[in-house]
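Undergrad: Have a look at this one before I ask anything.
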């Protein structure tokens, strides 16, 4: 019974809302007669006609056609009566009703599709030839469309229109904190794009929108440009040239200038940055194009030997832009060990630079020369070596391979193993258990070898033999000396003879220089295996070696490694 009452109330509310909407639309709708549901689920209006509560689409169309036919028949009969009475003339009110499709009883006009007919209604949204989609206002619903309340509409709270202002005032007003814009120093760079060095596609893009192209070019190289403006095109001897201005952050000046010359785009710092002071002091070394060399090849050759700050362009010529002190510093470092120095080019990598030069070494039998430089209070060791051979065209052929199964990685006798070490406990703490010991990697004694402990008295025949060998062949080892004492500290007042005297003293630490001298004096190959896993094993060989010795380095002390069985070391120890 409660469900029937709920359905009856719902139908009554929907009918009242529908009548209210039809009244707002301006149509003269007569009040609907009350409908009472019968036992079969049908409703019965005031005229005694029955109508189903729900009907399908076909039934609704059939009923609409029947109602339309009955209305038309009633209109014709009324017209005949009026014609007999008044000569067939309609009153003004009847004429208006006939034109509008509404009879005297307030019947609604026949409604069709809003989109039918030429130029009527809003057509469906469809893209035109350029890809734009034309949209318009949503069409109004038909007045006779049945209004239905959703399930959630029955539980929504009602809002009094007079209290809308109070609701708006109660809303949050936003963040009250004042944010300050941080001002960052910036610099202005000149941008030059000569047509002779740019590709045809890049040149056409610059002519259309140069600011967009240059900012996209910098963005692809992970540089954020702040602005670009002032673009102009001028005629030069070899075609045209575009030039403009860009603004970048001051910390990015050297990074951006290092890109000068790429893709035919040249960058140059103006005389003063935004702070009013020059930021970079540069030196340009101009290089002319070779006879018969075209512009793209000229640019490619110069890019291979670009300076610290890329390339510079003036009147069709290209030059290397370098910091004033970079090349001079390298020449001063090479002067003690080389003669006739001529700098060729330099290559910039991730964290270092490689300089290529042509010179004559003062020691012909050396292929690796150490160079000592000072950076503030720190000492750096640089290395000069023979450059690799140039790439040449070689004949190649493809080798046919076969499928290979998954192979286990090869283990080495030098591979460090995880070990547990005891940690120092604080004062007053109890001794830590085994489970709380720290884990670390340590290299164990190679398999097949054993350690023969050598007393650490610091005075032996080996030290005396090394000192005599260094004195006899002083010219050979003076170039390998790193200008440090036996403790590894640099001493500018110490010469090589003084260093040899320090080597002869008791408890003096040995370096690779002494081990190399020991291998040559004894005519043996020496392999040093450190216990520290951070250090790699090192070998000292000589051409006249007849035997091989292995040393074990642990806690700054060298012991002798001997084979466990027989007089033969494991082959992997010397591989």
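Each Cβ is built from the backbone N, Cα and C atoms, and glycine gets one as well.
Any TrEMBL annotation is an automated prediction that lacks curation.
Copying in the features that TrEMBL gives for the protein in this structure:
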- 58-72: compositional bias 'Low complexity' (COMPBIAS)
- 76-85: compositional bias 'Basic and acidic residues' (COMPBIAS)
- 90-99: compositional bias 'Polar residues' (COMPBIAS)
- 110-126: compositional bias 'Low complexity' (COMPBIAS)
- 141-150: compositional bias 'Basic and acidic residues' (COMPBIAS)
- 449-564: domain 'OTU' (DOMAIN)
- 28-150: region 'Disordered' (REGION)
Undergrad: What mean pLDDT score does the domain 'OTU' (449-564) have in the model?
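TA: When the pLDDT values over the domain 'OTU' (449-564) are averaged, the result is 83.
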Undergrad: Counting by DSSP secondary structure, give me helix, strand and coil numbers for the domain 'OTU' (449-564).
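TA: DSSP classes over the domain 'OTU' (449-564) add up to 35 helix, 31 strand, 50 coil.
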Undergrad: Counting by DSSP secondary structure, give me helix, strand and coil numbers for the compositional bias 'Basic and acidic residues' (141-150).
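TA: For the compositional bias 'Basic and acidic residues' (141-150), the helix, strand and coil counts are 0 helix, 0 strand, 10 coil.
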